[in-house]
């Protein structure tokens with residue numbers, strides 16, 4: 001399999017590296033829900049057209065829920081390609097949250113209908129070849145793309161901002177649906193994050209099948225706990 005070199009530093013910290021290809025060949029990638037106690041981790045991948053300008057486009061964390069809900073369909077309509085990847089709690093518990101995040105990102109890339117030349121990944125880590133290659137081969141051929149990790153990319157790169165919004169809105173919709181199937185935890189409100197109300201519900205009800213049993217604070221009887229949080 002042919003490979004391009006990958007980089008783990010932020011984009012602006014790589015003097016002398018090749019120029020980023022024109023928009024349309026570049027996919028922005030971000031995730032939502034990595035630090036949650038319950039529900040899936042969801043990743044988005046988006047390829048935007050050249051000179052893309054969507055008023056209000058920003059990192060999903062800087063937008064209100066209403067703003068995200070308004071932006072998401074506009075992104076889907078105007079993007080050259082977009083994809084989503086979802087990894088559920090049972091899989092997260094088996095392979096750990098970092099590997100699950102990479103798997104979700106790889107799935108999102110596979111669902112792009114256009115093959116990108118470069119992946120811009122929010123955070124300080126690119127997608128490892130063992131996670132990316134199986135998904136990439138199913139849709140995009142045998143030459144893996146160049147990757148760059150960008151710390152703070154969700155606020156700096158429009159394609160990553162768009163991916164962030166698609167991932168977040170998809171996950172919020174899923175958590176609202178899960179709230180109806182497993183009432184009492186408040187999934188529709190806190191979306192699976194470790195709020196005071198969520199911890200109180202866990203103490204009262206115990207975990208449900210949508211909880212990540214290897215996460216600290218979810219299961220008192222678990223002997224192995226994963227670190228929570230998000231890619232930088």
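Note that Cβ sites are derived from N, Cα and C of the backbone, with glycine treated the same way.
Because the structure is a prediction, the values reported are computed rather than measured.
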Of 122, 142, 172, the one that TrEMBL places in the same divalent metal cation site as 30, 31 is 122
Neighbourhood of residue 30 (divalent metal cation binding site) by C-beta distance under 8 A, where only residues 6 or more apart in the same chain count: 43, 44, 60, 121, 122, 153, 154, 160, 161, 163, 164, 167
Average model confidence [pLDDT] within the domain 'RNase H type-2' (24-227): 94
